[in-house]
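A quick write-up on the structure given underneath.
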Amino acid sequence: MATTPRLASLLLLLALCAAAAGALRLPPDASFPGAQAERLIRALNLLPGRPRRGLGAGAEDVAPGQLLERRVTLPGLPEGVGDLGHHAGYYRLPNTHDARMFYFFFESRGKKEDPVVIWLTGGPGCSSELAVFYENGPFTIANNMSLVWNKFGWDKISNIIFVDPATGTGFSYSSDDRDTRHDEAGVSNDLYDFLQVFFKKHPEFVKNDFFITGESYAGHYIPAFASRVHQGNKKNEGTHINLKGFAIGNGLTDPAIQYKAYTDYALDMNLIQKADYDRINKFIPPCEFAIKLCGTDGKASCMAAYMVCNSIFNSIMKLVGTKNYYDVRKECEGKLCYDFSNLEKFFGDKAVRQAIGVGDIEFVSCSTSVYQAMLTDWMRNLEVGIPALLEDGINVLIYAGEYDLICNWLGNSRWVHSMEWSGQKDFAKTAESSFLVDDAQAGVLKSHGALSFLKVHNAGHMVPMDQPKAALEMLRRFTQGKLKESVPEEEPATTFYAAI
């Protein structure tokens with residue numbers, strides 16, 4: 001039987017993998033995505049819940065293509081705070097068998113005219129509620145399960161939506177496995193459909209500036225989602241969404257460039273020695289070859305690329321040991337790098353579940369099933385859609401905490417500089433400037449035209465958690481078109497904020 005060129009390439013790839021694996025003496029589970037998914041999630045103390053089947057008792061149903069939303073005052077808030085303009089709801093996805101997307105919507109503490117911002121947490125398969133309560137939401141959870149106001153919450157300056165975008169993540173669920181998404185096309189179409197219904201529900205916000213934000217695997221979600229919104233606007237498909245820009249924090253966007261940067265970053269940060277660097281770099285050529293086969297198809301070759309290229313990261317982690325790969329300044333305590341267990345406890349409270357309308361639907365912080373379903377999407381290059389957005393004037397901010405290993409600033413900076421667009425040469429020639437917050441350097445900024453890159457000091461993977469004030473200032477200046485300004489205009493005090 002004749003061998004097709006693609007099959008021959010895959011066979012060659014497997015041979016290269018075997019040779020490189022022998023040279024590296026990798027651990028037995030180094031190339032198996034299931035084992036890695038479980039290890040990554042356990043390291044974050046985010047154990048996946050059981051698969052959800054059907055509508056949970058007490059959860060409100062909603063017709064396909066419709067949105068069911070309620071105003072929310074969460075238990076644990078101080079008494080007498082009044083109506084905060086907080087909402088929670090489900091969107092019943094059309095063109096699915098039984099999928100429902102969960103979201104929070106927090107109106108701005110400032111003005112109704114503030115921009116509408118949507119936040120997407122990555123994973124893939126991790127809930128945006130992690131950001132609500134640990135990063136940039138209105139409040140954090142105290143150990144006694146009370147809620148403490150976050151004075152740097154992004155709702156201070158925006159009307160912000162937090163969505164669990166993939167079925168099986170957070171409180172989003174379906175009774176039918178066929179609703180599981182495997183690529184960005186499915187996720188971005190779901191999000192676009194959600195926005196169409198959301199703005200019909202909230203027409204008072206439809207003319208506001210709109211920005212897409214997120215971190216980690218949202219480096220895949222966001223470019224595809226932004227392109228979907230932009231194309232929908234161009235084709236007059238429905239309600240015009242006033243997309244002005246998007247921001248990706250410590251994202252995975254161009255794997256071919258970012259995986260190659262792992263060893264350089266690890267060596268620069270003294271995580272590995274030069275001999276380790278030379279040895280692990282033997283995996284880079286087969287990784288590059290595998291990604292080339294993958295292209296932008298998201299097929300079986302992309303799974304092979306995932307297995308090959310993650311051997312680079314796994315080999316580094318074998319040497320790094322107990323260090324936190326989301327923040328290399330820190331050690332993981334045992335198997336746990338961060339403890340988000342208060343979130344599980346909070347959502348286990350019956351009063352909380354009744355308040356947000358989820359009934360007994362099980363909350364899943366991070367889902368291994370969603371992670372595995374997206375594996376063929378992992379090594380795809382999502383940078384390819386960004387130049388067209390830049391050319392049409394959509395503002396793009398790529399930011400990265402300097403101490404993150406897994407989606408490090410070096411790899412992000414390299415793909416940003418390598419991106420081909422009309423301003424590429426001028427961007428490369430632009431001098432870096434200090435990003436100042438309270439007259440102190442909070443980061444280093446490079447900006448030209450619609451493109452900006454910000455390296456954030458003293459932060460790891462989750463910049464809004466590590467540097468909340470700098471993150472809020474970043475959002476303020478980005479959404480106001482003043483990112484290059486060192487000192488923002490004084491924010492007028494509001495009676496509302498003073499009251500809380």
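Backbone N, Cα and C atoms are what each Cβ position is placed from, and that goes for glycine too.
Among Cys337, Cys366, the cysteine that Swiss-Prot records as disulfide-bonded to Cys126 is Cys366. Counting every protein chain shown, the number of other Cβ atoms lying within 10 Å of the Cβ of Cys309 (disulfide bond) is 27. Cα separation, Cys126 (disulfide bond) to Ser216 (active site), rounded: 10 Å.
Within the set of recorded positions Asn144, Cys332, Cys337, the entry lying nearest in space to Ser216 (active site) is Cys337 (CA atoms). When secondary structure is read from DSSP and collapsed to three states, Cys366 (disulfide bond) falls in the strand class.
Considering only the recorded positions Asn144, Cys332, Cys337, Cys366, His461, the residue whose Cα is spatially closest to the Cα of Asp404 (active site) is His461.
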